[in-house]
Amino acid sequence: SCFSCLSRDLDLVRQRYGITDPISEDLPNQADFIQTRKLTDCLKSYGVFEDDLELQHREKVVKKLELLFKEWLKEMCVEMNVPELVTEKVGGKVFPFGSYHLGVHSKGADIDALCVGPGFLERKDFFTSFYEKLKAQEEVKGIRAIEKTYVPVIKLNYEGTEIDLTFAQVALKSIPENLNLLDDKMLQNIDKRCARSLNGYRVTEEILSLVPNIYNFRLALRAIKLWAKRRNIYSNMLGFLGGISWAILVARICQVYPNAIASTLVIKFFKVYSMWVWPIPVRLRIVEDYYYNLPFWDPRINLSDRCHIMPIITPAYPQQNTSFNVTPSTLTIITEEMERGLVIAQEIQQEKADWSKLFETPNFFEKYQHYILLQAASATERQHLEWVGLVESKIRLLVGILERNMYISLAHVNLQSFPGPRKANERDGVSTMWLIGLILNTEVSKKLKIDLTSDLFSFTDTEGFKILEEGMTISAKYVKRENLFWEMPNGEHRRVFSPKLEAAVSHHISVTVARSHTPPASSGQPSTQRKGWPQSEIPAKTTKVDKVCQTVPIVILKEPSTIMGNMLICFLAECQMRIWLLPILLYNKCEATGSSWLVRITFGQSHASCILLFPVIMLT
């Protein structure tokens, strides 16, 4: 009967997929299909699907790169005096992997590709000779080789498509078209870097083979990737999760709900991982160790593996933890986002919300009261491309340093960088800025002056930054939320503040740290109030206020609902480039005079007052 056939099929599913029995084998109902259609429409509105022309262009780019690679291999054979018979059959293959091979890439996404060559080649040839061949192509722009990294890569733009090329040599004289990289014997007698490069493709292939329904997996993964990107938790380099980690997490949900369709898988994703007890690892299958002398994730043997707080394990030999960069702060942030996602997913299931609510973006500028502003600057654009990549790869180290400070309970780096301000007397200089939001441990930091100078110095003086070229600089400084307006580039000003007015916090934190500063004797210790540092009360002398108001720009931020009766916030810039919130305790009079405002305000407890007339920049 049909029922017995279905039962037999479910038994096969149970035996094949995952390391546990399914949680539920329920079939989708009509409501599930309706929600999946709504989810698909929502994803289309965000432009996550490529059209056929764009997909065909990607396929052509990969084929052209493979032709170039094969051509280069033959040139190398001639140069190395390899026998002609071997040269003719040397072959060569380019294997796409990552999101493109999984079938979940979005518009404009890059392509990860693995170049596989014969064993008589050396890795250095790929990063020198082949690099120069690529560089000579008219279609190639912005090429750069990054060898000193966990997985060495050549990055380039080919006909408008960003490409990340990795390389692996295998113990073969020629590379056939039907080369099977899933054969574990291919990993015998290869170095660790080649094994890592090969595993990019091997892991992708294993994931596709370990899910019950590839279509449902792909649609659910597209939704989760979009959610993670819009919620700013999609970055392996900055301590969150990268594409392969999200793919494994979604694939595991597909295994335990083998008959669920995409909308149900997304809802179950948030339900399962909002309750997951880390560091219990997420696995798609048990991977056997073949003892090929390759690093293999096993906390029973490797002490360092026991320190991983959110292990997400690859399904290919040698198994690795894809989330080894996750820190206590980023784990907290990811968990909070999972919990938020669950609440919204349940609302969607109950038809109390639309899918678009799940993908709403947060305002990072409103989230925290305290920030670290990190800035990398270079003399030229050419320098800056390499310098920014290096600095960004080290930011998670700064997060780790801040997490170890007893006065900081969380450090959250914003994944979006910003072009830094260019000085008026600098025509060629270019800079990039990053923000790190801080949550202070209020039990120990309230009303204390916290000195972060040593923490910031230990980051800017780290070993990785000692390869500086002339014109490259890095600096870090503390900024309070109300002062972000003055630090951000013009295009971001409107995002810095919301109309909501909040009371200022009572504790203070120190200061800018540049590369030339000397670290203090101790880190994270309370220090005395600096002379001239703004106190919680404003000085009573009106003359001093008047003097400041006459010499610095003023910005008024108002709630857009009314003009009269709303409290105004006045931001003043001190001559020494320190900015603080000036609380207005008593509002007396406010009237429009053309393009200016006439404001009478009372400062502090002394009730000293003055009348100010200045132009207004309205922020709504």
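Cβ atoms are placed via backbone N, Cα and C, with glycine included.
Positions annotated as ATP binding site by TrEMBL: Phe97, Gly98, Ser99, Asp110, Ile111, Asp112, Asp164, Lys225, Tyr234. The DSSP secondary structure for Phe97 (ATP binding site) is strand. For Phe97 (ATP binding site), the Cβ neighbour count at a 10 Å cut-off comes to 24, with all displayed protein chains included.
Annotation comment: TrEMBL describes Asp110, Asp112, Asp164 as Mg(2+) 2 binding site. Secondary structure at Asp164 (ATP binding site), taken from DSSP and collapsed to helix, strand or coil, is strand. If you take the C-beta of Asp164 (ATP binding site) and look for same-chain residues 6 or more apart in sequence within under 8 angstroms, you find Asp110, Ile111, Asp112, Ala113, Val153, Ile154, Lys155.
According to its DSSP assignment, Asp112 (Mg(2+) 2 binding site) is in a strand. What TrEMBL records for Asp110, Asp112 is Mg(2+) 1 binding site.
Taken from TrEMBL, the feature compositional bias 'Polar residues' applies to 513-530.
Annotation source TrEMBL lists domain 'Poly(A) polymerase nucleotidyltransferase' at 18-211.
Taken residue by residue, the domain 'Poly(A) polymerase central' (216-360) breaks down under DSSP into 73 helix, 6 strand, 66 coil. The domain 'Poly(A) polymerase central' annotation in TrEMBL covers 216-360.
As annotated by TrEMBL, domain 'Poly(A) polymerase RNA-binding' applies to 363-423.
Feature annotation from TrEMBL assigns region 'Disordered' to 513-536.
Per-residue confidence over the domain 'Poly(A) polymerase central' (216-360) averages out at a pLDDT of 95.
Helix, strand and coil residue tallies for the domain 'Poly(A) polymerase RNA-binding' (363-423), in that order: 27 helix, 17 strand, 17 coil [DSSP]. If you take the C-beta of Tyr234 (ATP binding site) and look for same-chain residues 6 or more apart in sequence within under 8 angstroms, you find Lys225, Ala228, Phe240, Leu241, Gly242, Gly243, Trp246, Leu415. For Ser99 (ATP binding site), the number of other Cβ atoms no farther than 10 Å from its own Cβ, over all displayed protein chains, is 23.
If you count neighbouring Cβ atoms within 10 Å for each of the binding-site residues Asp110, Asp112, the highest count belongs to Asp112.
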